[in-house]
Amino acid sequence: MKKTQTWIITCIYLQLLLFNPLVKTKGICENRVTDDVKDVTKLVANLPKDYKITLKYVPGMDVLPSHCWISEMVQHLSVSLTDLLEKFSNISEGLSNYSIIDKLVKIVDDLVECMEEHSSENVKKSYKSQESRLFTPEEFFRIFNRSIDAFKDLEMVVSKTSECVVSSTLSPEKDSRVSVTKPFMLPPVAASSLRNDSSSSNRKASNFTGDSNLQWAAMALPAFFSLVIGFAFGALYWKKKQPNLTRAVENIQINEEDNEISMLQEKEREFQEV
């Protein structure tokens, strides 16, 4: 019985080990994003609508995969948020804004550190010159939310050379996400702020279709092989134990027959004595 339990436990641990790729986190830096991003809504409401925030915008955010621009964009966001933080540091009535911005700076700095740890040398980038532009709070934090959303889906599986080239006809002014004039609506999760921009969402979905298919294939293959290996181990174990079980059953039957014969012989002797 103990050997049987040992084999069962071994098979369970083997299955868990082989299924490990399925339970890993999808975003490599997702754990760096805290619930403090929910305070962006409050911050945007507190800032004047005509207030301008300087930011170096990376062209191609809506036409290239996220791994092409996220590393550059998060560094520029860190610089802009740090500059914004300094402007509120000495204003007593702006302590609430200061606290929110300070938390956002820490999140972005953690993301910068995470990207440096997972940087890929195989990505060939060819960006146009990045010029500093002025954005309203609504526009700036829409870009911020887009970047945070990208981190939740980002997975560095760039094993082969990947070219990130922005078309020469694309300019920041033509980027619909920057120039959008729709009402600013931020839900508890920053990713939902992009739903009203249907054209950008469609482009994003088409860009990631190929990558998502590859990711599903990469997860499905280990799962399939783990099932095959698990069934193979189970079959081998059953085949190994089957002769022993057969012999055990035969021995039990023989013992029962011997006992019956013994009882009959004993009764026969008692009857003869009587």
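All residue numbers here begin at 1 and follow the chain in the order shown.
Backbone N, Cα and C define each Cβ position, glycine as well.
Per Swiss-Prot, the feature topological domain 'Extracellular' maps to 26-215; the stated evidence is sequence analysis. The feature disulfide bond is assigned by Swiss-Prot to Cys29-Cys114, Cys68-Cys164, with similarity to another entry given as support. Per Swiss-Prot, N-linked glycosylation site is recorded for Asn90, Asn97, Asn145, Asn196, Asn207, and the stated evidence type is sequence analysis. Under the heading topological domain 'Cytoplasmic', Swiss-Prot lists 239-274.
If you take the Cα of Asn145 (N-linked glycosylation site) and the Cα of Cys114 (disulfide bond), they are about 18 angstrom apart, rounded to a whole number. Ranked by Cβ neighbours within 10 A across all protein chains shown, the disulfide-bonded residues Cys68, Cys114 are led by Cys68. DSSP labels the residues of the topological domain 'Cytoplasmic' (239-274) in these numbers: 35 helix, 0 strand, 1 coil.
Cys114 (disulfide bond) falls within a helical segment according to DSSP.
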